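Participant: Pasting the feature list from TrEMBL:
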DOMAIN    342-629  domain 'Polysaccharide biosynthesis protein CapD-like'
REGION    678-704  region 'Disordered'
TRANSMEM  52-74  transmembrane segment
TRANSMEM  86-108  transmembrane segment
TRANSMEM  120-141  transmembrane segment
TRANSMEM  147-166  transmembrane segment
Amino acid sequence: MLLLYGAVATSRLLSGPSTQPWPPQLGRHEVLAYLKRRIRQRLAAVIGHSKLYTADIAAAALAYTLAVIVRIGIDGHIAQPLSTAHIAVFGPYFVLCAAILFPATCLYSRNWRYATVSDLFGVARAALVVTLAFVGVLFALDGVAGFPRSIVVIALLLLMPMLVALRLRSKVEEMRSFAPNRRAVVEDEKDLIPVLLIGADDGADIYLRALQRDDSSRHRPVGILCKDAPQGSNLRGVPVLGTPGDFSAVLADLEQRDMRPRQIVVTNPVAGLTDPQIKRVMETSDRLGIAVSRPAPAVELRSGKSTGAMELRPIELTDLLERPQAALDKEALRRMIEGRRVVVTGAGGSIGSELTLQIASFAPTEIVLIESTEFNLYQIDLDLSEKYPAQKRVPYLCNVRDRARLDAVFSAHRPELVFHAAALKHVPMVELNPCEGILTNAIGTMNVAEATRRYGALAMVQISTDKVVNATSMMGATKRLAELYCQALDLSQKGSERPTRFMTVRFGNVLGSSGSLIPLFQRQLARGGPLTITDLEMKRFFMTIREAVELTLQASAHGLERQLGQGEIFVLDMGEPIKIVDMARRMIRLAGLRPDIDVKIKVVGRRPGEKLFEELFDEDEERVASAVPGVLGAVPTPVPLDDLRQALQGLELLARGGSAETARDRIAGLLPGYQAEPAAPSQSGAMHLPQTDWPQAGSASAVA
């Protein structure tokens, strides 16, 4: 009993921690109860792996036998008083130690199909425990005298690889599953889907492992394109055929070998791929009719939560459009936000909610949420409570048009930073409701800015849009007035002892905001089409919401900390504009369908206020360099603050009185570049295609 107890204790020390607590008192009854419980657990594991257990015992017997043969063959004789026959008698003791201690070392509590390096170390520990126990038996039987010690060492060195080999057999079978004749015996080769992978990163490894374990999958990887892995190498048996730049040549080579892929799987659309390479892959795949997909998220592939272990999903445009991110100066953001009182208007909208969550990650003293839509306010408050439960937050149902309500909120909280994301954003809707656009976008911004100045905040940051440049819509014109007002206020603070900064960040369309282009295309695709666009030549700038908010915060931090860009407008670098029709075709192709065959694209015509091309800079604006990566600077011709204030007050009276056409004419006089178009409902319906997608900061109604 003491020998068994000591062996189990030794195995416990060598095999690492266990979830079973060691008995605090080592009395006889406690030890026996503990051993019985552990033995029952180990026996259950052995029964579940009876074939492997039998093979392990046979391996132990073979290892001892070979060790004896090797030892005799090396030396030619055995030291007295033991003979070769006597040494052979000790073999059953070695096998008995293995039979008892293999279960005790948790060898059968692991799933060896998912073995890792640490599991293989566990096998080595088990062999070592058995060997040490055998040495203990030799001492107990007084058989150690004259027993060749090399037999013990040789047996250990033979037993370890045998145990490992038995456990790697299933993994070797998995590696063979990618052979060209995979499942050819039971399935028609034509049923298999050749797949070309782009990327040999962790995502590719997870994907291939999941494919190995999914016996029902018809996907057969034929090669990998990777930026870094050398050609001729392989990943889990799949050869690396070249780099993403070799895409066309590799396709031609596979075509000649009758292995042309029917599916392209991009494991990470950004890593290692330049924008031209992404474009080339997509264009070539579109032309050849090859579907392009991405694997399910890694967490689902690992856990099996996806509907199938090998579920493929279309590449989202957020993946394809995402550009390498500028390095964020997180310390500057922390210095700006941490420990300060922050107000976010339009906090429940797409940009506003992302702003709120990113701000919360830098631990402000409190976040005041201003939102005019009850559900949006409820949703962002709930998100904050779940993701940042310790963050103090105060939600207010408040419209930025309401000066008295705004004043009460600012008076109660005395914010130090104000992020103004509230606005009406849809060009067609504001065109049909111009007075509402004036009251929310222009007058609402003036109200927030004046409250910011009155209560001595450090800074106000306004979210603007590329629609302000050479505006042809009421939405763009009203936001242009808001830009000019904040610029005039910012310039008026020069020379002040404690100036309040008024900064504006301008950028183009964001992907995925409520009521925007991408969700609309997705709904139309789900219905079978058609996808509606307003003009074949229409182009737009696009950026992800996360990227836009990060750059907005970064520009604000540098502008406040270094007093940069006084009177400037920060303009985010959005890359090249993209044709809307190209995006529609790409989305159809990524859904595994054919443009103009499976899903039609319908041109419905431009609506009032819509432009073919958006611009980030006005012709009259001075462009300046910025110290912030990914951010440019624009300096509009300033307008005197008093003149602007008087003009906005006059516009407010007209808007509240419902004098829409007079208000349009007044705005045209204030903004020489603004060309008003007559507002008329679209024949296809005013909500047919909200293709404005400007950076949504608030709700679709009079946000916040």
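Glycine too: its Cβ is placed from the backbone N, Cα and C atoms.
Curation does not apply to TrEMBL; its annotations are automatic.
So that I understand the layout, could you describe where these features sit and how close they are to other parts?
Facilitator: Averaged across the domain 'Polysaccharide biosynthesis protein CapD-like' (342-629), pLDDT for the predicted model comes to 86.
Tertiary neighbourhood of the transmembrane segment (147-166): same-chain residues 52, 55-56, 59-60, 62-64, 66-68, 70-71, 74-75, 78-79, 82, 87, 90, 94, 98, 107, 120, 123-124, 126-128, 130-131, 134-135, 138, selected by CB-CB distance under 8 Å and a gap of 6+ residues from either end.
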Participant: Going along the chain, which residues at least six beyond the ends of the transmembrane segment (52-74) come within the CB cut-off of under 8 Å?
Facilitator: 46, 84, 87-88, 91, 94-95, 98-99, 102-103, 107-108, 112, 130, 148, 150-152, 154-155, 158-159, 162-163, 166-167
